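Asks: Among the features that TrEMBL reports, transmembrane segment is placed at 55-73, 80-101, 126-147.
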Amino acid sequence: MILRDILLFLTIIVAMMFYAHAEAYMEGKNGWTWNPAWWRIKLPNGYTYTAYHVYAYYLTFPLLVFGLPLLLVGWNTHLMLVLSFSYIIGTGVEDFTWFVVNPLYPFGKWNPRQTRWYPWVSIGRFSLPLSYVARGIFCAALFFFIYRDWMMVR
C-alpha cells in the first residue's frame, strides 16, 4: 500500500509539473489575466478566479485525478485520501513550477510586489501565497489519516 501511494503521488506531481510547462507557454508573461474574454468570479480584495482556472482545476483535473482511479478500483476511502493529498499538493507544485519554467515571467518575480493575482501571507521578510499555506494545513490533516492507515496495515 505504501509503495502504491508513493507512486500515485509522484505520478500526479509529475503530471502537474508537465502541465505547468504547457500553461507557462499558454499564459506567457500575463499569468492570470492572459485572456480578457473569459468570465471571472470576483473574490474579496479585488482578486478574481478565471473561467480557465475553474474548468481546469475544479472540473477537468479532478475528473481525471479522482474519477479514473475510483472508476477502476471502486470506492476506497484510503485511495480517496491519497488522491486528495496528491491533487492538492500537485496544484501547489504546478503553480510554483509555472514561475520556475516560464521564460517570460522569471522566478525572480515570484513575490507579493510583482505577482499580485493572488493574496500573500508575509512573516517578516518571508512571503508565501495564501493558497500555499491553506494547502499545507489541509494536507497535514490529510496526511495524518494516510499515515494512520499505513500504521494499521503493519
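Placed from the backbone N, Cα and C atoms, the Cβ positions cover glycine too.
What TrEMBL says about a protein is an automatic prediction, not a curated fact.
So that I understand the layout, could you describe where these features sit and how close they are to other parts?
Replies: Tertiary proximity for the transmembrane segment (80-101) is limited to same-chain residues at least six positions away from its ends with a CB under 8 Å from its CB atoms, namely 5, 8-9, 12-13, 15-17, 19-21, 23-24, 27, 31, 57, 61-62, 65-66, 69-70, 107, 109-110, 115, 129, 131-132, 135, 138-139, 142-143, 145-146, 149.
The list of residues near the transmembrane segment (126-147) in space but at least 6 beyond its ends in sequence, with Cβ under 8 angstroms from a Cβ of it, reads 5, 78, 81-82, 84-85, 88-89, 91-92, 95-96, 111-112, 118-120.
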